[in-house]
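Notes follow once the structure below has been shown.
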Amino acid sequence: MSRRFTVTSLPPAASAASADPESRRHSVADPRRLPREDVKGDGNPKESSPFINSTDTEKGREYDGRNMALFEEEMDTSPMVSSLLSGLANYTNLPQGSREHEEAENNEGGKKKPVQAPRMGTFMGVYLPCLQNIFGVILFLRLTWVVGIAGIMESFCMVFICCSCTMLTAISMSAIATNGVVPAGGSYYMISRSLGPEFGGAVGLCFYLGTTFAGAMYILGTIEILLAYLFPAMAIFKAEDASGEAAAMLNNMRVYGTCVLTCMATVVFVGVKYVNKFALVFLGCVILSILAIYAGVIKSAFDPPNFPICLLGNRTLSRHGFDVCAKLAWEGNETVTTRLWGLFCSSRLLNATCDEYFTRNNVTEIQGIPGAASGLIKENLWSSYLTKGVIVERRGMPSVGLADGTPVDMDHPYVFSDMTSYFTLLVGIYFPSVTGIMAGSNRSGDLRDAQKSIPTGTILAIATTSAVYISSVVLFGACIEGVVLRDKFGEAVNGNLVVGTLAWPSPWVIVIGSFFSTCGAGLQSLTGAPRLLQAISRDGIVPFLQVFGHGKANGEPTWALLLTACICEIGILIASLDEVAPILSMFFLMCYMFVNLACAVQTLLRTPNWRPRFRYYHWTLSFLGMSLCLALMFICSWYYALVAMLIAGLIYKYIEYRGAEKEWGDGIRGLSLSAARYALLRLEEGPPHTKNWRPQLLVLVRVDQDQNVVHPQLLSLTSQLKAGKGLTIVGSVLEGTFLDNHPQAQRAEESIRRLMEAEKVKGFCQVVISSNLRDGVSHLIQSGGLGGLQHNTVLVGWPRNWRQKEDHQTWRNFIELVRETTAGHLALLVTKNVSMFPGNPERFSEGSIDVWWIVHDGGMLMLLPFLLRHHKVWRKCKMRIFTVAQMDDNSIQMKKDLTTFLYHLRITAEVEVVEMHESDISAYTYEKTLVMEQRSQILKQMHLTKNEREREIQSITDESRGSIRRKNPANPRLRLNVPEETACDNEEKPEEEVQLIHDQSAPSCPSSSPSPGEEPEGERETDPEVHLTWTKDKSVAEKNKGPSPVSSEGIKDFFSMKPEWENLNQSNVRRMHTAVRLNEVIVNKSRDAKLVLLNMPGPPRNRNGDENYMEFLEVLTEQLDRVMLVRGGGREVITIYS
């Protein structure tokens, strides 16, 4: 026999019209206020959050209370995903020290000026700045000389090696730069955040010194062009003879260099905006000069320029002192001597005493620029290294030599070599011409999409400049005479710039263009170096440099600029471009070496945060680039390399040992213990940065009577998460006393260790003996780990048989575990249906890992699938992310924002936004809630007397009715129709359950009398009706699940409370509604998924609802094979920053 109740409810529109809208409004805290520990390390608080930099703190603070009621108690700490994603639209990433950012920081009291979003693309933001920084003074002043000395073959190898070094470095830099957002600091930021403050500080200071000496080199190049090619008469110091020209030139360089440095520093101090305004002008000069060179090469093939050079025998003559390349000239019928005669003879008379070599050899005039079609390339293939003071000679020309040991008069108008040259020296001089590849990363804050622009723009710029350099080497050797190439200052071609003689339409194009380009490069160096020093100083890793972190009110680094100018003056006092170039080569090579090292280390360690969007990198390429940089350092100058490494080492040790303690043990074991102690003490200094966060797992397993693990799949899953490279502690609890159960604990440890070894889980095992299970688990959670090496995540299985346990202690222990992990700010992973999880030998050839991101609680849901997909079991599973849109959410914009967020996180996944519109609470939800509350009352009655049970039932009834009136005054009215056959058999069926059948067309019972509050007949005709049916089948099924300790008398007292829907706690109804609706959506989308991850709601704050909480979770995960409930620890575990 069944007992039927008919319940009629008003339409939803009627109830919604009179409902108080505030009753369903709940505030969501700003996602930036997520509770988390203070983060130390880099002084940038933005990096602790995933990406949020929104100024709209109110948007998205409301949520649909009925659809998401299951998560309502956590909305103050875990915001809805829609409100989190809305921050993407207002995300800005400003470089440190930028003018607008500093003004905004300094004017907090007033109205802040809105900052424009980054607008620069790949071409303007990365490609052109890199071209400007790479092309420089060496191309115009020294490349022709390098080709003449080393020959085409060796010069080609030199350029290829240097360009390969920068290309490999650019690949490594692209991987680092795309591993998150680089707010400011360029290479210093990337290295320091990848290798730590010690390496970052050491290499950052080396890079600063390199940039500063680069400024000195550019200034010296500017003075050389000014005094040698533009205005030679401006020289203050003049040589009395040829031997004193070098010393006079050095003094002129020092004086004019100091003046130019002062002017440039003043311009930078007054306002960097003027430097930026003229940057494109300087870049235009560089590009125009290079185009003029190529135009000249093309023209020389059919119309070579007229630049004759004069040879005495095979010796090259300087054209400064004479005009006619001949010993004698004919004026009418008379033979007269030329000015050249007077330079080699005692007088202009024909019978004068002349130099012996001048007397024995003839004077020959040849073209200095024969052109590309002359076949000159064969003669310039091989090297012609010179020693200092040697005359530049042309191979293949007849020459009558002198006796060995005959001194050469330095006052004769020969072209002399000013320095001893060799291959390694040329490498050191040439290498600065390929530096400047960091220009794109230094401007990352101004780019529209830095993760796309930096790799593309930098690599394209290096490819372009490499092509220009390599082609220039070949074209210079094919078009220009060898003795002209080896003439560093163009003395043989009337003092013209050698590369200018090849240019079209005029050499002045190259001279003026190179002058302005070197001026611009010097200004850029004096602008960038102080900001780099300011970034290092503000990090606070080098205490004595902190004073240089301050500046003017607008953020300009005044003190850093002053120090930069002083160091730059040191380079100018050296006064030789060829001496300064190897110095800055050392510092740049060291910086590039550590960029490659950082990429190689990150790749080999495979830390969870290492997810570069740039995919075309490999640790072997980074290692090759690092080796090449180290080799070039010693090739250029082994003593400069040692000095640079010593400086970096001293800075490293200073930063490392500033307040640190060092201790050495005895032997290998003592060293290991000392290193472990040292590392643990350093970990104790503070919580890890978000970028260094990794899951440190505490895996709670249960052992049977034979001390074997009940669910070994938990350890299989732990092994599959090993990509996190974190700590693993496998813990278990034995009930009893330590004295009696110590042997069993040892056997359990051995059993767990064997299983860990079989599952390839590297970690520790800990078995605790406690008087009860709850205290033992609590002890493991509190005391697991050592010092800073502690767990931050707890992995546990779902209590599968929590309903059937006689003492019902399992689910109570589970809820206490959830509460303790929350209190300890630990993440919690709960595996449901753990027996269905795959073992390590299994492989999924297809399928998906579905993430249901309901609320944001630190990003754990994003990180876990990424780690799992590194394991071969899950490698072929794709990742899908679902999030839920509410009534007021723009689902299209949410999908776009979520896609952008994943792009910044460097995570590849399919994105889908599921719309959950407001809907009526279904009859099935009421049924589930009613059954749940009945079970709850049964559980509570186990320890109550009859009078206590009656009072408890009455208090719950009153509380439920009061809740209905307070929270939902327009709740749909309920009408109860009881048939005549009311003979019930409650005592005989103590565990009867209620089944609801939703029927839109069934008529109400005519024999029932209307209730006092019944609506008129007209309204009742359209009301939906719901039938409650008490069925025996469910009663039998429920009874067969397990024995119940409840007495029949207690059940009779319990059923004295009528199971009316109006008695239901409306909070439970709404929570059940959330669980049912979410479950329907999840099952619909993810029924065939290999694994489903979703947010785990927190336990109720009122402990009276603990048993209901278990039912909510059970309903939420019904009909799903493999489920992992994830609950964050209250801090960010994933970030978009590098």
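In case you wondered, yes, glycine gets a Cβ from its N, Cα and C as well.
What Swiss-Prot records as phosphoserine, among Ser1009, Ser1044, is residue Ser1044. When the topology recorded in Swiss-Prot is consulted, Ile161 and Lys653 turn out to share a side of the membrane.
Per Swiss-Prot, the listed range annotated as transmembrane segment is 535-555 (candidates: 535-555, 661-681, 745-765, 1081-1101).
Annotated by Swiss-Prot as transmembrane segment, the relevant range among 251-276, 459-484, 849-874 is 251-276. In this structure, the C-alpha atom of Cys325 (disulfide bond) lies 17 angstrom from that of Cys354 (disulfide bond).
Cys325 (disulfide bond) falls outside any helix or strand according to DSSP and counts as coil.
Long-range neighbours of the transmembrane segment (556-578) within the same chain, counting only residues 6 or more positions beyond its ends whose Cβ lies under 8 Å from a Cβ of the stretch, are 97, 137, 141-142, 209, 212-213, 215-217, 219-221, 224, 250-251, 253-254, 257-258, 261-262, 265, 268-269, 272, 419, 425, 429, 526, 529-531, 533-534, 537, 547-550. When each of 403-420, 486-513, 616-632 is checked for Cβ pairs under 8 Å to the transmembrane segment (130-151), 486-513 comes out on top. Looking at which of 230-250, 430-453, 535-555 has the most CB pairs under 8 Å to the transmembrane segment (486-513), the answer is the stretch 230-250.
Set side by side, the disulfide-bonded residues Cys310, Cys345 differ in how many other CB atoms lie within 10 angstroms of their CB, and the most is found at Cys310.
Cβ neighbours within 10 Å of Cys354 (disulfide bond), excluding its own Cβ and spanning all shown chains: 19. Secondary structure at Cys354 (disulfide bond), as computed by DSSP, is strand. Within the chain, the topological domain 'Extracellular' (121-129) has long-range Cβ neighbours (under 8 A, six or more residues past its boundaries) at 279-280, 283, 439-440, 443, 446-449, 452-454, 456-458, 460-461.
Counted within 10 Å of its Cβ, the other Cβ atoms near Cys325 (disulfide bond) come to 18, all protein chains included.
Across the topological domain 'Extracellular' (454-485), the DSSP tally of helix, strand and coil residues reads 30 helix, 0 strand, 2 coil.
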